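Notes to accompany the following structure.
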Number of protein chains: 2
Amino acid sequence: MATLSSLLRRGLLGRPVASHDVAEPRMSRWQALPVTSSNALSSLAYAPDEIVLTLVAAGTAALALGPLVGWGVVVVMLLIVASFRAAVAAVPQGGIYQMARTKLGPRAGVVASAALLLDFVFTAAVSVAAFAHFAAALLPGLGLESRVLVACAALVGVLLASLRSARLSRWALPVLVSAFVALTALLVAAGLWQEGQGLLGRAATSGWTQEGAGIGGTVGAVATALLALRAFSAGSVLLTGVEVPVSSSSAMARPAVATVRWVLAVMALTLGALTLGVMHLAQRTGVVVALDPARLRDAAGRPVAEADTPAPVIAQLADTVFGPGSVLSLATIAATALLLLFAARSAFRSFPALASRLAEDGYLPRQLRVRGDRLVHTWGVLALGAAALALVLLFRAQTALLVQLYVIGVLLAFTLAQAGMLRLWRRRLAQTPGARARAAVRLRLTITAVAWVVTALAGVVVLVTRFAQGAWVALLAIVLGSLVMGRIHRHYEDVGRELAPDPEDDARALPSRVHVVVVVSTLNRPALRALAYARATRPSSLEAVVVDADRAVTEDVIDAWSRAGLPVPLTVVAAPYRDTVVPLVRHLRERRRRSPRDLTMVFIPEYVVRPGWRTLMHNRTATRQKRRLQREAGVMIGSVPWQIHEGQGDGDRSTTV
Amino acid sequence: MATLSSLLRRGLLGRPVASHDVAEPRMSRWQALPVTSSNALSSLAYAPDEIVLTLVAAGTAALALGPLVGWGVVVVMLLIVASFRAAVAAVPQGGIYQMARTKLGPRAGVVASAALLLDFVFTAAVSVAAFAHFAAALLPGLGLESRVLVACAALVGVLLASLRSARLSRWALPVLVSAFVALTALLVAAGLWQEGQGLLGRAATSGWTQEGAGIGGTVGAVATALLALRAFSAGSVLLTGVEVPVSSSSAMARPAVATVRWVLAVMALTLGALTLGVMHLAQRTGVVVALDPARLRDAAGRPVAEADTPAPVIAQLADTVFGPGSVLSLATIAATALLLLFAARSAFRSFPALASRLAEDGYLPRQLRVRGDRLVHTWGVLALGAAALALVLLFRAQTALLVQLYVIGVLLAFTLAQAGMLRLWRRRLAQTPGARARAAVRLRLTITAVAWVVTALAGVVVLVTRFAQGAWVALLAIVLGSLVMGRIHRHYEDVGRELAPDPEDDARALPSRVHVVVVVSTLNRPALRALAYARATRPSSLEAVVVDADRAVTEDVIDAWSRAGLPVPLTVVAAPYRDTVVPLVRHLRERRRRSPRDLTMVFIPEYVVRPGWRTLMHNRTATRQKRRLQREAGVMIGSVPWQIHEGQGDGDRSTTV
């Protein structure tokens, strides 16, 4: 049994890695850039879609707002990144959690980390859902239902790669990210050139409308502003992942602060430029996407067949600019799809790392700190996988639905981190003497303040415009998560306080006398051995106990006992209700009441049958007695196992060690 | 937690019963008759239906064969009962299992008991399925699908009553059986009188036909004979349960043999007479039932609506003779339905009793011998309940489908029992001197021989005519069950041989030296107490071991150790793969290799957190270490528990004892 499962484990996860193999070289700028920015860059695969589909729901004319909303999102993103660049100088080791925790206190840290953990779950779920969407653009035969399957398969694949701690990404990711950036940049450039030449075509979905969409014609200024805000809140999913370079600073080449700041700047400018270009071209080519494809009508007003469900915005643009089905177009779509998988993989790095950090601080169960065979935080990876899988199944892999719950957590975490930084810079300003140094701090303070206000406002916008569509669920999850983490922390503190050694402690006191009880159910060899071992410990007093659950059996034991001539008194404990555990406990308590300062040691003979399923054929009396006795004060349990071989030799035993 | 579950348990199952309350008074003739014959009598509720539906499938004209087939079944039943009456004189304590085991050897006993166990499962399943069928006759709104639910609910109810070991039946059953016998006898008598007066009506289903049924007109003699045999094999389900009085002999008033023989005779004659009467009236009133109601056509050739699905034969007869919906008719149907529940209850007595007996002889897992709070063999009851529930769900509570698998087991068990008896009587005949005594033995030998031949023939008929419809499944189950029971027996024999004490035994030898190892993971109070306890046992040598799975933690332990000034050497065991179990085992083996005659005792400090779900927040290192060490030879495990209270006091602990 053990051999089969260990083979399977070895095959799926690879050979165990020793702890001293853990040290990885620090990443240079050009290595760090693709690794830490893949998460942020991948939002380009779905953020434009969110903006467009929000506008489409208000009517085709509203699409003109697209580039403006794009600018709004990009400006907020740049502000946040600027504040992070300022922050790394002050909290070089830290991610969001540390920023909030050290500057605002543990409670804010817990809330920020709950929000971040939820975020990573959504990153994984949204990335594989969007991957399935892009896969459907490559393979048009893929129906909406099979997209759920594709997303789940992708998630399981990423999960296994994470458990293996696959090293592939070290080489593949830089190539892939470069390809993605190059192709989308080429897409934007080619599109702009075509536009200049008057050659830019219309997207296949141009002129499509959504049934029941808002007024297509003129709308009031207030309604337009509200619509723009709603589109902005959807598009702010672009912000997700920009914190990854900050929290990865410990893996970057020294000086880490400079590396992080460089990576942040390059990443933000690239992402910003690409987003603006994509939003501009999307508006010019008339790209349409929709939350519910069944409600779309094509340019002639006919319902759209399921096979013609609109592809994601980038895929549609690639088809329009490079030509449908052209090599460049297919390459762009494929690169985006692969990048999404790496974004999911990145969540599988960030979540276990943060969870392990939180477990270290006592806010999450300790198992999350355990590193498995491959040095991966196994439980963290599995927890993330299970949660993301649940989300994918629950929302049938529909990216747009998932995004509505996604954004609020990011904004909450960013706002908290920035509030912490704001406090830090204000204190720094008060402590800094020289005018020039003060000016530098004041600049950082200003950037952070602006970013904080903008992030908080964006958060309020999302909360107000998206509350009913799911933001409340995310908020509730964050609140509940924070409460649970608080409870866990209290539990560990209580336990830690009780277990801490204490010079006055009675735990160090040697018990005056040791009273040994051997529990006998039949007088077989395990029982004889337990008795011999018990005698070998030379106790102050020794008794054997038989629990009288079955009169005939008990009499057999008494007979065998007197025939064996054992120099140990045998006590019979009555068990009128045939329970073998409670009468034993009563007997021990009775004894303890008479001499409370003695230590009682209970020896329980057991035989161990292998393979494990054979234990089904034996009463588990010993196991139940041991489990119950663990709850008795002043009782120590000695288990004397007897290994049964049944003549097969112990070949299987040597293989499992 | 424990309190809630124990309250629930108390509520459902009642207060525990002490072992000395077990003695029940022996049953007099008139008490034993209803208790032990309810199983056999209840077959009257479905055996006629099986005959009729087999005939209907061959065409309406074939219904004329009904009474003849009824005679065949009744004669076989009387022969079997006659042989049992002879047998009880020779094997007074025994049921089928003992008859086959003592006279034919353990292997035949195992096969017979596997067949019987399967039978009891089918008794329970068929009885509740038939109960649902009768319930549908009382409540016509009950669709075919809800019958599955009704059957399952009835099964669960009977299961709970069995776990409670409900005493209700002592009073209810005699009344119910009397009512059932009186009402069916009245039904038969009134029907015969109506027939004599020319007043007997036609059943509501009279003239109905089954689509695709065989030739309705003249058929060849061979085809007729085959059809009769097929109908006979279906009807032989009447035989089930006639062995119950024999296996209950130990509960009957002395002289038990006379009581059993009286009960057998009265039961067989009543059942025989009622069956013949019912079969006769069913033919005269033209009752039709079908396996698949969807294929039925009414007298005008129209398909039958689901609401008009034919009721069971007895229910249709009651409606025809007493008038539809009359009080007498409803009473007959209700009495039959209730009797079926008691038949299921009877299976819940027989199965656990036989399983416990088999467990005692080492053919089934020992847990089946354990008597629960209410003196019931809990595991046997649960096993039967689960198996019967699976059958009911698998066959959608369709009695006719279940019966096809049911009969073969009964006939196999009866044939084996009679073969054993045959051998007994032949030996007796050889040993008996006087002529008169020899004549008595010879009579018994003859009866048994005839019964054996007839039962074996019936078994062959069932096997041949029903093989494809499911008899093969039942046969396979019996063969597999017998093999598994054989394997279990071998396992227990091997274990028993290995565990049996032996005068030359090294199990009694006191180990020369005791080496104690205390496993430390952090130097907290549980570890200090474990150390103190270990020192209190005054071992020959003592060492503490820390498994170095995490360098930082290990160094903390080493520091704390030297600061605490503990007089025990601390060994650091390397664990490069972060596994805390295997390196510990390696260390112990190393030590054992150096001094193989020493006893090693490993002390493991543990803290016990309650309620149990809180353990989710703690690494289960101690548990895993203990489990693995149990497989090491020469190692004894001492568990030193530390109960954590977290300030709630231990109020919950006192309630659970």
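Cβ coordinates come from backbone N, Cα and C, glycine included.
Curation does not apply to TrEMBL; its annotations are automatic.
Feature annotation from TrEMBL assigns transmembrane segment to B:68-88 (among others).
The transmembrane segment feature in TrEMBL is assigned to B:109-136 (among others). When Cβ-Cβ distances below 8 Å are used as the criterion, the transmembrane segment (B:109-136) is approached by residues 39, 42, 45-46, 95-102, 142, 147-148, 150-152, 154-155, 158, 237, 240-241, 309, 311-312, 315, 333, 336-337, 340-341, 343-344, 346-348, 350-351, 354-355, 358, 363, 384-385, 387-388, 391-392, 395, 397-399, 402-403, 405-406, 409-410, 412-413, 416-417, 474, 477-478, 481-482, 485-486, 489 of the same chain, each at least six residues removed from its ends.
What TrEMBL lists as transmembrane segment is B:148-166 (among others). Listed by sequence, the residues of this chain that lie at least six past the ends of the transmembrane segment (B:148-166) yet keep a Cβ under 8 A from its Cβ atoms are 12-14, 17, 124-125, 128-129, 131-132, 135-136, 142, 341, 344-345, 348-349, 372, 374-376, 378, 381-382, 385, 388-389, 392-393, 396-397.
Panel annotation: around the transmembrane segment (B:173-193), residues 30-31, 33-35, 37-38, 41, 44, 200, 270, 273-274, 277-278, 280-281, 284-285, 314, 317-318, 320-322, 328, 331-332, 335-336, 338-339, 342 of the same chain, lying at least six beyond its termini, place a Cβ under 8 Å from a Cβ of the stretch. According to TrEMBL, the feature transmembrane segment maps to B:173-193 (among others).
Residues or ranges marked as transmembrane segment by TrEMBL: B:213-239 (among others).
If you look at the transmembrane segment (B:260-282), the same-chain residues 6 or more away from its ends with a CB under 8 A from one of its CBs are 29, 32-33, 36-37, 40-41, 43-44, 47-48, 51-52, 66-67, 69-71, 73-74, 77-78, 81, 84-85, 88-89, 181, 184-185, 187-189, 191-192, 195, 200, 238, 242, 245-246, 248-249, 252, 313-314, 316-317, 321. The transmembrane segment annotation in TrEMBL covers B:260-282 (among others).
Long-range contacts of the transmembrane segment (B:327-348) within its own chain (CB-CB distance under 8 A, at least 6 residues past either end) are made by residues 38-39, 41-42, 44-45, 120-121, 123-124, 127-128, 130-131, 134-135, 137-138, 154-155, 157-159, 161-162, 169, 173, 176-177, 179-180, 183-184, 186-187, 241, 244, 311-312, 314-315, 318-319, 321, 381, 384-385, 388. The feature transmembrane segment is assigned by TrEMBL to B:327-348 (among others).
Here TrEMBL flags B:375-395 (among others) as transmembrane segment.
As annotated by TrEMBL, transmembrane segment applies to B:401-422 (among others).
Residues or ranges marked as transmembrane segment in TrEMBL: B:443-464 (among others). Within its own chain, the transmembrane segment (B:443-464) is flanked in space by residues 75-76, 79-80, 82-83, 86-87, 89, 229, 232-233, 236, 407-408, 411-412, 414-415, 418-419, 421-422, 425-426, 428-429, 471, 475, which lie at least six positions past its ends and keep a Cβ under 8 Å from the stretch.
Nonlocal intrachain contacts for the transmembrane segment (B:470-488), taken as residues 6+ away from its ends with a CB within less than 8 angstroms of a stretch CB, comprise 107, 110-111, 113-115, 117-118, 358, 362-365, 401, 404-409, 412, 462-463. Summarising the annotation, TrEMBL assigns transmembrane segment to B:470-488 (among others).
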